[in-house]
Amino acid sequence: MSVLAGVRAAIIDLDGTMLDTIPDFHVAINGMRAELDLAPISQDQIALMVGKGSENLIRSVLGLDWDAARVKAHFETAMDAYQRHYLSINGNFSALYPGVIEGLTALKAQGLRLACVTNKPIAFTTPLLKLKGLDGFFDVVYGGDSLPRKKPDPLPLQTVCADFGLAPAQVVAVGDSSNDAQAARAAGCPVLTVPYGYNHGEAIHKTDSDGIVATLLDAAILIRSHN
Ligand SMILES: O=C(O)COP(=O)(O)O
Ligand SMILES: [Mg+2]
């Protein structure tokens, strides 16, 4: 029997799964770097560092130029600048991946409840989902700072399962990175991965999952075929 049999809800990741947000990160990070007299960096560099939340990202971005002591000394100034820049352009340069709206629509039509769990701060996440027309699909949304621990910790996924009154085996996680897969494994949720996002520069095939789906629509079709 497939691990997807009996699935009643889906937890969908945001960055790299629903939206290609690297162009937003790029503008916001380089805006911050300019304020600190640091040279711009490329989208490819940024894609390697996205996935473990804002604090990690800013520490990595500053660590390209500075030692740990200097990063620490300037961290708060950098974070304030980054958040200001990000909020001023949030969503303006990011785009939906193919099959996202179709996939979410199909999952809903199949009777699944949907949650969005992202490591993006909730203050960025809420307006972004709205701007992109995604907010109406989700019963629950957790950002990286909504709960005491973020992915790859299982807590956000376990919280969704509790919110929905479902066992982890009934809730599939869909994401683009090892953070999503590790969180799902630790929570006991089945997990599907998409190959087009950001996985810290690692091929998605190297990440342990229950299947790789080309789009969210393919995820919906695969789940339906087992239920
Ligand atoms: O902002 C991040 O660090 C990654 O966010 P995600 O969990 O939506 O991929
Ligand atoms: Mg992601």
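Think of each number as a place in line: the chain as shown, counted from 1.
Using the three backbone atoms N, Cα and C, a Cβ is placed for every residue, glycine included.
Quick look at what TrEMBL annotates:
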type	residues	note
ACT_SITE	ASP13	active site, nucleophile
BINDING	ASP13, ASP15, ASP176	Mg(2+) binding site
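The distance from the Cα of ASP13 (active site, nucleophile) to the Cα of ASP176 (Mg(2+) binding site) comes to 7 Å. Counting every protein chain shown, the number of other Cβ atoms lying within 10 Å of the Cβ of ASP13 (active site, nucleophile) is 26. Less than 8 angstroms from the CB of ASP176 (Mg(2+) binding site) sit ASP13, ASP15, GLY16, THR17, THR193, VAL194, PRO195, TYR196, GLY197, TYR198, ASN199, ILE204, each of them six or more residues away in the same chain. Cβ neighbour count for ASP15 (Mg(2+) binding site): 26 (other Cβ atoms within 10 Å of its Cβ, all protein chains included).
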